[in-house]
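Novice: The transmembrane segment feature in TrEMBL is assigned to A:6-24, A:101-122, A:151-167, A:296-321, A:333-350, A:356-372, A:377-394, A:400-417, A:429-448, A:460-479.
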Amino acid sequence: MSGYFLDLVAISSALKVLLFPAYYSTDFEVHRNWLAITHSLPINRWYLDATSEWTLDYPPFFAYFEWLLSQVAKYVDPKMLIVQNLNYASEATVYFQRSSIIVMDLIYMLGVHSILAALGVVQSTQKHIAGSMLLLLNVGLIFVDHIHFQYNGFLFGILFLSISAMIKKRYLWSAFAFAVLLNFKHIFLYVAPAFAVYLLKFYCLGEGKFVQNTIKLLAAGLTPFVLSFGPFWQQLPQLMSRLFPFKRGLTHAYWAPNIWALYNAADKVAVSVLGRSRDPDVPSTTSGLVQEVQHIVLPTITPSITFALTVLSMLPILLKLFLTPTREQAKLVFMRAIVLCACSSFMFGWHVHEKAILMCLLPMCLLAVIDHRDAKFAYILAITGYFSLFPLLFDVDLLVPRYSLYMAYVAMMYGQLERVYKTKPSIHILEWIYFYGFIAIPIYEHIISRLLGLHLSLPFMPLLLTSVYCALGVTYFYVRYYLYAMDFQWPPSFGKRRRVTQIKSSVSKRKRKVQ
Amino acid sequence: MSSELIATVFVAISLRSIISMSSYSGFNKPPMFGDYEAQRHWQEVTFNLEVKLWYTNSTRNDLQYWGLDYPPLTAYHSYLLGHVAEKLNKSFVELYKSRGLESKEHKSYMRFTVLAADAFIFIPAILALSIFMDRTFKKNLRQQMQLLFAIYPGQILIDNGHFQYNNISLGLASVAVAALLCDQNYFAAFTFTLALNYKQMELYHALPFFAYLLSKSLSEKSVNSAVKELTKVATIVLFTFVILWYPWLNSTHSTAEVFHRLFPLGRGVFEDKVANVWCSINIVYKLRKYISNHKMALICFGTTLLAALPINVHLFFRRSKYTFILTLFNTAAAFFLFSFQVHEKSILLVALPSFCLIYWWPTEMLWFLKVSVFSMIPLLKKDNLLVPTVALMIIFRFTFKNWVFKTDDITISKRYFKMSIEQVSEILMIATLLAFLLIEPPSRFPDTWPLIISIISCGHILIFLIWGYTKQLT
């Protein structure tokens, strides 16, 4: 590893340490509770215990991981390991849990280093520096992991290690790592289709030993599942009901910026335009409770509709990946397919969390330093995606940090992309206008709504605005990037073609002059 | 605006706002609390009492409890903040009742006022300073200088952690330096007077300003225009003073009262362990036991002048902008080492000119800046800010490795020599810090480690003063 990479590791870790005293969400208590459950209860009670409302709902590997952590935790503050000690948060507990994320992030950094190498980004080049900065100092991870409190960093590390193994033709390792990842957090199912198609095409079918390879692949891929779920085979239905709780609503309390946010908003607008009153017994979409909701004007969406839409929307890019002839070409298509699969699930999925956007944002950081066209889309998504995480950080003391960290990051990203490609990212004027539109949201939230007293009568308005405005950006990104990844030209670029012909003609003129 | 500039500005604000979430001086330490309570108490006093009574001991203004001891501009600032506080929540500034107030809401407000000073005074000031440094000395180092200011842990930890408003006085002083660099001498005199009226510690910077402006005025072609020039500068300074001190000028008694508050001889030559000469001498020879405060003050005055005058006389006769900055550094260091009633935080006044000296001696000045933070560690430990201190130092250390500044004027071997000395010093500082944290001092000498830290820092600063002297006089 070269000097600056290690410097960035140190800087990034130190920045995370600075965030120790920051506000944390209920996810902190969730993980404390899991530490307590795995430490204090026998293994067959792990997925049954309901002392706290934050029951264990991650796959077993994550539970084992919490058990391992608890072996250290008992030396730090044994009181955090008592199941009944709800909302226990001594200083030692906070420091321990926060630093466990920072330590686990070393796996993430390893993953970043490995995937940059696998993608052929040479060390000490501007591309490598930019890629390392964008990923190691990633503001999304800082928001979600180090302020809000979650363990996404090391999971993305495993994802990156798995992708780099795939690119380096270590298919079995890749499948194994990905299966391990799924057993840590099943949300990574979002990107599983891309892995499945790539393995099918280049491993099972590509090497001419279909049966043999398929058996090996299944062995590598299923081993983690056996290790993970084995001890729980008698209570699988109970475990599954914890992992896939379909009792939740179409959208989360804060609408993730996807199609359904726009759909909900359209429904609200339609209600007020048509003047139809709401049935008082049915919870409204913005009531802040996690439960099933019904639309009033537009048809209500069921889980099967979202599932069908998600699968259908993934098909084109998966087909494209399958039809890509050589591994060399497939490398980029695979990366894009991961982003697009994640984004499809994000756009159409049932009860999507806003944090899931990280699954698009982080791989886009890699694509941004590889191809300048991807870089432009990465920038559009970055502006929107990181902004959409703000509602997670609502504490008063976090307002200045959230805006300034965001601004510092997107400005740094712009500068780095400019350095890598020696030219400014080609952002269209309308896209700039959209970007500047984001300024209106904080102005409304902190100034206008308070001056007019709207923060009392319409308390969810800023959330709704953030969600809908970001949803526009994410949808725009999704459509444009999908078309780009499928090699469609959009918008039809007459202007560009003309410029090319002009250059050609001027070149030929110059040639004539020389002659 | 370039993206680098935007990124730097927001990095500066992010770090400051993140440190704001940490603890502050005197948190949960009744009955006196600390600087945070002092600032809040000043808001309370200025908000509730008439202007004339701000500096006067009375039943409504107990000067023993954090009485106002900063110059009028600070008092006006507190007055302004007191009014805003009252709008937000009356209990913030209620007379007597608000003493020792500690709530999350109030902390957010207080922290926000410091951030506002950063955003509207300090950051614009350093941007101006860096731009005029580049223009005056025809170099292109402003981005590095801005980043250095943005992440320098010392100022962040004292203002946004410990709790003070050095950013205002340092910001005003930076504007004065910038104005002086671009030959706006009247404006420089004005802003420096403001800085001096915000914090009397700015006296550390006063001599070089005086010497430079005097020399500049006297260098006019004719005696007539020299006198005219001098009168103008003097009028600006005096006029600013009169306006700011107006409420206390009607009787010599009240003026003397304010004066006495600003320079309290009774408080002794130093309070806590501080990295200056007197505190170091005190180990072997108990100054406070053998020498009276007044006599000590005279000794301090004499030695400080002895250390600071020669370079300022040099500046007067050999005036140049480069010499000015060097003199600013040397004078501030001399004041820090030898003057009376020095606080740990005053090292920030030496740090300010050292940022400018980065243009010529990056290695030395980065080293000095590290020492300056190290010298404040006992204070920061007391405020429960050690974790953020170490984290910020790591960020600082790894952002500014030697490759950030490409110096080509020194030979490789010389540079290698300097770097190895610096590394020895760095290891010494890290080892001392670890010992401070891990090794329990003997119960008879509980202050062993703070004292050792002070002596090491004092030695370093003394060497830097000698270094600065040789650079200036050769």
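Each position is counted from 1, following the chain as shown.
From the backbone N, Cα and C atoms, a Cβ is placed for every residue, glycine too.
The structure displayed is predicted, hence computed values, not measured ones.
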Novice: Which residues of the same chain, at least 6 past either end of the transmembrane segment (A:296-321), have a Cβ under 8 Å from a Cβ in it?
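Specialist: Result: 193-194, 197-198, 201, 246, 250, 260, 263, 266-267, 270-271, 274, 276, 278-279, 330, 333-334, 336-337, 340-341, 344-345, 347-350, 482, 485-486.
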Novice: Look over the recorded stretches A:101-122, A:333-350, A:377-394, A:429-448, A:460-479 and say which has the most C-beta pairs under 8 A to the transmembrane segment (A:400-417).
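Specialist: Answer is A:377-394, with the largest number of Cβ pairs below 8 Å.
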Novice: Under 8 angstroms, Cβ to Cβ: which one of A:101-122, A:151-167, A:333-350, A:460-479 has the largest number of such pairs with the transmembrane segment (A:377-394)?
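Specialist: So the stretch in question is A:460-479.
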Novice: For the transmembrane segment (A:460-479) and the transmembrane segment (A:151-167), check the count of CB pairs under 8 Å (sequence separation 6 or more) and say whether it reaches 3 or more.
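Specialist: In this chain the transmembrane segment (A:460-479) does not contact the transmembrane segment (A:151-167) - fewer than 3 Cβ pairs sit under 8 Å.
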Novice: Same chain only, please: residues at least 6 beyond the ends of the transmembrane segment (A:356-372) with a C-beta under 8 Å from a C-beta of the stretch. Say none if there are none.
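Specialist: Distal contacts: 115-116, 119, 121, 127-128, 130-131, 134-135, 138, 140-141, 144, 152, 156, 187-188, 190-191, 256-257, 332, 335-336, 338-339, 342-343, 345-346, 349, 378-379, 381-382, 385-386, 388-389, 413, 417, 420-421, 423, 425, 474.
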